[in-house]
Structures are given as structure tokens and as C-alpha cells.
Amino acid sequence: MSKYTILDKINTPSDLKLIPESQLKILSAELRAFLVDTLDVSGGHFASSLGATELTVALHYVYNAPYDNIVWDVGHQTYIHKILTGRKDKLVTIKKDGGISGFPKRSESEYDTFGVGHSSTSISAALGMAIADRLQGKSSNTVAVIGDGAITGGMAFEALNHAGGIKEDILVILNDNEMSISDNVGGLSAHFSKIISGGFYNSIREKGKEVLKNIPPIFEFVKKIETQTKGMFVPANFFEDLGFYYVGPIDGHDVTELVKTLRILKDHKGPKLLHVITKKGKGYTKAESDPIKFHHVAPSFHSGENITTKISKPTYSNIFGDWICQKAAKDKRLVGITPAMKEGSDLIRFSQLYPHRYFDVAIAEQHAVTFAGGLACQGLKPVVAIYSTFLQRAYDQVIHDIALQNLDVLYAVDRAGLVGADGATHDGSFDLAFMRCIPNHVIMTPSDENETYHMLEFGYEYNGPAMVRYPRGAGIGAEITGSLDLELGKAKIVKQGSKIAILNFGTLLPLAKQLAEKYHATVIDMRFVKPLDKIMLDKVSQTHEIILTLEENCIAGGAGSAVNEYFVAKDLSNKIIVRNFGLQDKFLNHGTKDLLLAQSKLCVENISKELDKLI
């Protein structure tokens, strides 16, 4: 007999609605157990979904998705949503080749109303949907679910301001699992929340307002008293000042209370914000104790089977983490900045050693960059540790606030290139293209750990904005040397060959070497995308017939395009054959990195096919 007596009956939200409300608590427990069992096989985002279990159940129990729009932010917390919307049996394939995505994806399910992966987008998207439905005469409801981390993003506040200003009928649910506000979740607060979310209170409140509006002094006095009283327990003032009807905070693990509150709010028109308190990792003791560690789990995390203790090579993030700590010890001007990526960027040790020089600005990439500019103006040396995919969000600041003023800011760009299982929303496919066109920038593409370390040093000492891009995961095991012969805009010949020259930008150097062995080709580690080594390009164009460029970046506008532009300007494009190899002009699905590289023709087999046609 299955241990999922209720869950086995559910494949869609319609099935869920047939379950008696009294059994929703049991269902929530079964969902957690199913999540543990499944991710023990597949791995995936864990703690966030555990924390949002009851909220997800309540939403699909009360609302009629997909007719009603439920919009999720980021997507880490949506595994329960996927289970309840026809993907229960596919969850074991999550983030695998040919499996379902780790994030909501419109092409995957009609219940995934908006594709996400980046933060703070839900309220904007939900507002657009609500207005579109209203303009087309559709009587649907729209809900945005956003976490206390994601709501720190400026885009979320822009959307709140817009929605509140136009009084659009939309519900924003703030899923708050931040422990620092736990003191607010007490008897008085819970009692007050029940009162203000009740239909009787709402009715009296609104009718009373209509009467008192005819007596302005009394109306303003009562409104002020109500706001101040609520403000003693909840952060109502801010949201109500934006035009939202605020309810909460309520217990996000009391599924009965959630269902009751959502039903009431469903009938309350206008912009509403429901503040729910949840615990990340709820129901799994280890995840509750260490939600960061259990944010994402590997297969066998629960059973302990097949877990090895082999020592792996340091990741590129580890190389950065070592460098910044060592540099900070020597230079008190160094300041480290991250937009909510302390763990991922390996800034934990730096934050502990230099807490007054470490700034986690939350999910605020635009602010992070301009903040760095302000620090640089006053003589400090800011280092912005940021993922390639998130650097996109600060593009205007990179141009207007840093490059235009030629400020000393170093961008340590992590997760450059393909990231594998997280898919297109997190791939760092575009940074070379969108950064290369900006004046005053130095752009470096290290080929291994040693070059990464020394290019970070070079970029830090450079007088102006500089960028070092490096991929996710471990390198080749290159030893960090005491020094490296590194000169601005100068490439390095790795292997001398003939006829064919391979210009490598970044960590595809092992691939370049494999091709060189097969074709007796010259291999050049270009190191710099900006400035390019033009002397080297002139030499190569005079001594070789075929030139290949390799990069883990989009071909359009990337490093290879920079080489093409130079050869065209020198009127050499008709005298040599140039072929660019990089990421294709399409978004890739999630999968193993080797598979995705092969799909992008970045492998010996595919490049050989092209070369054989040219020789």
C-alpha cells in the first residue's frame, strides 16, 4: 500500500478541490514526504519548497488555475506547485536532460503562467496579466507570490507603486521566512490578523469609511489611529501608503487559516497584500536548522547512499574567494560587494574576516554597481562579485555610472558561460557581447585557475573598470603560481602549429589543445577580449590560412566578432578563412554541461566536421 493515500488521488488542481478541507494538513505532510523521497533520487531545490507547501496547497485549493493567474517569483519554491499541476511523476527528472525545468516555464505547463529564474519579477508580470484580463473582459483573479528576499529588488517596489497607484485588483502574497521578524508572530499579532482578515471587520471597516468621509476631521483621526495600531504589530504602514490593503502576518503553515484568508481576499477588490510567515525547510529538521545548506540538495542527501568523500578540485569561485581574502589583507582599500550571492560567490570567509568591508546589498544589482562607483570616487577599491546572468540587470549603471566616469571597479563575473542544470535563465551567455561595446573597459577571459587568480589581481590594480569572467564549477587543477607574465592586451602562444590557428578565449583551452593535436594547429590563449592583441592577430593572419575562435559566449557580438571586426577593418577578410565557434543564437534547455556544449558545436567532433570541409 502506498504511503501517499491522499496524494495518489491528485494529479491536477481539480483533483485537489475534491479533497475535504479537513485533510489538507495530512496532504501537506504527504507532499513533504514525497518531495524528500523524490529529491533523494534526483536532487534539486529543497528548503524553499518545503517552506511553501501549505501556501501552495491553499492557493490551488482556493483559486481556479490556470483560469486564475498564479505568478511565482524566482521559482525555487515551486516544486510543490509542479507536483499538484500534473508533473508529479516527472519530478524525478527535474533539471535533467529531457526532464522538467527547475523553474516555472510557460512552454512546460499551462499552470506556469510566467517563466522565471531571476528575482523580483512576479508583481510586474502579475499586474500586466490582471490588466490584460480586465481589458479583455475576463473575470479572473491574479496572485503574485514573492519572498522576503525577492521583494528587496527595486523592480518589485516599482510594481507595488504602480499597482497601488492605479488600484488594480491583484493579490500579492509576501512569503516571509526571515527569522529576524519572528518576534512579530505572537499572540496579539495572530489575533489582530484574524480580526482584520475577517469578512465582518472588512465590511464594517469599509462602510465606516464611507460614512466618516463626510466628516473629514474624524475620518482622518480614525484612519490615523487604525494605521498606528496596526503598525505596533505589523509593517502595514508602508504597504498601505502604497495603496494596498494589508493583511497579516499570518501563519504560513496553518493551511486552514490560509484557505480561509484567501477566500476572503478573493472577494475583496483592489490591490491587496497578504503577509505570511513561513519557515524555510519546514518539516525536515536538518533543513530547518540550516536552510542555506539545504537550499539545494544533491541525490542521496537523505538516504546517504552513494555519497563519496573524495576531495574535488577547487571551483573558480573558490579561487576568487581565496584571492579576495588575500588581497584584502594587503590592501585596506578593498571593499567586497555582492547582490545576495555570498555563498555562491564564495564570500563567506571574506565576510567573516572583514565584516566592515563586506556589503551584501540584497537583490539589487543596479544599486550594487552604482554603490561601487560611489566607493571608488572616494578612493576605495570596490570588487563587485556578481553572476554573469545578473550583471545584465545593471547594464545602465555599468555604462553611465562606472564606464563613463572611468572609475576603478573590478567585476568578478562568476557563472560565465553555460551553467548546466539551471538552464537558460541562469546561463552567462551574453556578458562578452554586452560589455565589449562599452568604452574604458578591460575584459579578461582566463583559461584556468592560475590565470583567474592573476587576472583578478591585474584587474584590481588596473586604473579603470575591469572585468574577469570565469565559469561555474571546478577547473582543470592548475596550480596557483607566485606570479604570471601578464601584460595588458597581450596573448600567449600555447602551441605552435601551422596552417590552422585556434584563438581561445576562456576555459575552452583543453578543447583547443585537443583540436591542435588532431590538426597540428597553433593554439593561442588570447586572455584579453578588450583590448585585443592586434599584433598577434596581424602575425597569425600572415602565417596561417584558417583561423578559429573559441568562446563560451554567444557568437553574435562576442570575442569572435571582435576578431572579425579587426580583420574586416584591416581588409583581411578575403585573404584568410575565419570561423567563430561559441554559443548559438538560441536559448538552450537545461542539461549537463557537456551535452549543452555539444549542442553548441563546442566539441571536437562538431568542430572537426567544420574544419574538414575547409581543409
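Just so it is clear, glycine is given a Cβ too, placed from its N, Cα and C backbone atoms.
The 10 Å shell around the Cβ of HIS118 (thiamine diphosphate binding site) contains 21 further Cβ atoms across the protein chains shown. In three-state terms derived from DSSP, HIS118 (thiamine diphosphate binding site) belongs to neither a helical nor a strand segment and is classed as coil. Positions annotated as thiamine diphosphate binding site by Swiss-Prot, on the basis of sequence analysis: HIS76, GLY117, HIS118, SER119, GLY149, ALA150, ASN177, TYR284, GLU365.
Secondary structure at ASN177 (thiamine diphosphate binding site), taken from DSSP and collapsed to helix, strand or coil, is coil. Sequence annotations record features per position, and here Swiss-Prot assigns Mg(2+) binding site to ASP148, ASN177.
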Entry from the binding-site residues list ASP148, GLU365 having the most other CB atoms no farther than 10 A:
GLU365
Between the Cα atoms of HIS118 (thiamine diphosphate binding site) and ASP148 (Mg(2+) binding site), find the distance and write it as a whole number of Å.
14
In angstrom units, rounded to an integer, how far apart are the Cα atoms of HIS76 (thiamine diphosphate binding site) and ASP148 (Mg(2+) binding site)?
13
Rounded to the nearest angstrom, how far is the Cα of ASP148 (Mg(2+) binding site) from the Cα of ASN177 (thiamine diphosphate binding site)?
7
Express in Å, rounded to the nearest integer, the largest CA to CA distance found among the thiamine diphosphate-binding residues HIS76, GLY117, HIS118, SER119, GLY149, ALA150, ASN177, TYR284, GLU365 named in the record.
32
Around GLY149 (thiamine diphosphate binding site), how many other CB atoms lie within 10 A of its CB?
20
Using Cα coordinates, what distance in whole Å links GLU365 (thiamine diphosphate binding site) and ASP148 (Mg(2+) binding site)?
16
